[in-house]
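Since the structure comes first, as structure tokens, the remarks are kept for the end.
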Amino acid sequence: MNQTLEEVVSLARQCGCGHRHYDIPIEQMVVGREAFARLVAYLRHKRYERVAIVADDHTFAAVERSLCDQLENGSIRYTVCLVQPDENGDVIADERSIVQVLLETPDDVDVLIAVGAGTIHDITRFSSYKMRIPFISVPTAPSVDGFTSMGAPLIIRGVKKTIQAQAPIAVFAHTGVLCQSPKEMIAAGFGDMVAKYTSLADWQFAHWMADEPYCPFVHQLTEQSLQTCVDHIDDIAAGGEQGIRVLMDALLQSGIAMLLMGQSYSASGAEHHLSHYWEMEFLRQKKRQVLHGAKVGVSTPIIIEHYQRVFWPLLNELEKRPKSMDEATWERLKANTASIRELLESLPSPERIRTMLAKVGGAIAPEQLGIDPQLVERSLREAHRLRLNRFTMLYFLNELIFVE
């Protein structure tokens, strides 16, 4: 991170935005080759004698020798729950995976350890919350910014829902393990960071148009983590330890920013809603899943194109109020027109986003992910309904301007 955890907490206390800043429950956050040794020391300090590792076949294989040797040398007893994939070979954060973890975790376990990427963390986060025990994060790839999140995006009866659960009490990310993660997962992590361009724009817009809680400090933290990745794109693309550490630190800082606000506005906007919509459609069609970061990376330039194509004509024709919009909202839109123009102009071009994604080895078009143009168009009309309490420019356009 650009600041230490202690510095972030201190700066948050000095913030004058007027909104509540939540306590950060994370006691330690270690990114480096000493991570697993520090994990064992932390477990002993907390007097956790029995732990349960939650992983899948691939993530457990990535750490089995290095992590388990450390646990055994530290006299830490552990069990392992390997979450089983579905019929397509995907590990899904759904009811089946959660029930498996609940059934296989011994009653006397002190803490769960999530060993994996986003999906394993979501399963562990919710399961530990329901079991009323803490969990520790051990990322095996720098692929998402949700490691430190309280929210668990789950598939419940085929529908994507984000359920507030709990954040990890500590994070131990071994850079040696992270550097060995598949290139597509590193590209996905960069994609999740690139998505902050539109999520931050949506958040600012929601503050202006719907009085959503907004904090300049949290915005700055998120923007800073994004810019650091952009500035070090060559290092990240090279896949060396320096670049991977930069990416991991940025993902963690973005997650800490969400924790401070108690919600994910800073990191998740319309681009995430498109991604969730595509994910649900793939589940319905029983197609193999695509990495979350790959989807939001691809959806970000799509959202930018959509906003610039649709919003500019609207801002140029403010004489007549649409029948679907009340007078107060119309007046607010007119009052904020200059700011909205500036916001749209500040977004990078879709071509620049795609160039950056390609540089780190990521997909740049939905077709590369098996997403056809019809699904993209449908998601632009309907994806905002997955989270109607999240005010975005996409929500505004679909619900208040182009009402079907």
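Every residue, even glycine, has its Cβ placed from backbone N, Cα and C.
As written in Swiss-Prot, here are the features:
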type: BINDING; residues: Asp56, Gly118, Thr119, Ile120, His121, Asp122, Thr140, Ala141, Pro142, Ser143, Ser149; note: NAD(+) binding site
type: BINDING; residues: Asp145, Asp192, His276; note: substrate binding site
type: BINDING; residues: Asp192, His272, His292; note: Ni(2+) binding site
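Taking the features listed in Swiss-Prot, we show where each one sits on the structure.
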| residue | record | DSSP (3 states) |
| --- | --- | --- |
| Asp56 | NAD(+) binding site | coil |
| His121 | NAD(+) binding site | helix |
| Thr140 | NAD(+) binding site | coil |
| Asp145 | substrate binding site | coil |
| Asp192 | substrate binding site | helix |
| His272 | Ni(2+) binding site | helix |
| His292 | Ni(2+) binding site | helix |
What is the one among the binding-site residues Asp145, Asp192 whose Cβ has the most other Cβ atoms less than or equal to 10 Å away?
Asp192
Between His272 (Ni(2+) binding site) and Asp56 (NAD(+) binding site): CA-CA distance (Å):
25
What is the one among the binding-site residues His121, His272 whose Cβ has the most other Cβ atoms less than or equal to 10 Å away?
His272
Using the alpha carbons only, what distance in Å do you get between His272 (Ni(2+) binding site) and Thr119 (NAD(+) binding site) once rounded?
15
Using only C-alpha positions, which one of His121, Thr140, Pro142, Ser149, Asp192 is spatially nearest His292 (Ni(2+) binding site)? These are the binding-site residues in the record.
Asp192
Starting from the Cβ centroid of Asp145, Asp192, His276, the recorded substrate site, name every other residue in that chain with its Cβ within 8 Å, sequence order please.
Gly118, Val144, Gly146, Ala195, Ala267, Ser268, His272, Ser275, His292, Gly293, Val296
Near Ser149 (NAD(+) binding site), which residues of its own chain have a C-beta under 8 A away, given they sit six or more steps off in sequence?
Arg125, Ala167, Gly255, Met258, Leu259, Ser264
Consider the binding-site residues Asp145, Asp192, His276 and say which one has the Cα lying nearest the Cα of His121 (NAD(+) binding site).
Asp145
Around the Cβ of His276 (substrate binding site), how many other Cβ atoms lie within 10 Å? Please give the count over every shown protein chain.
24
Are there residues of the same chain, six or more positions away from Thr119 (NAD(+) binding site), whose CB falls under 8 angstroms from its CB, and which are they?
Val91, Ile92, Ala93
Measuring Cα to Cα, tell me the gap between Thr140 (NAD(+) binding site) and Asp192 (substrate binding site) in whole angstrom.
16
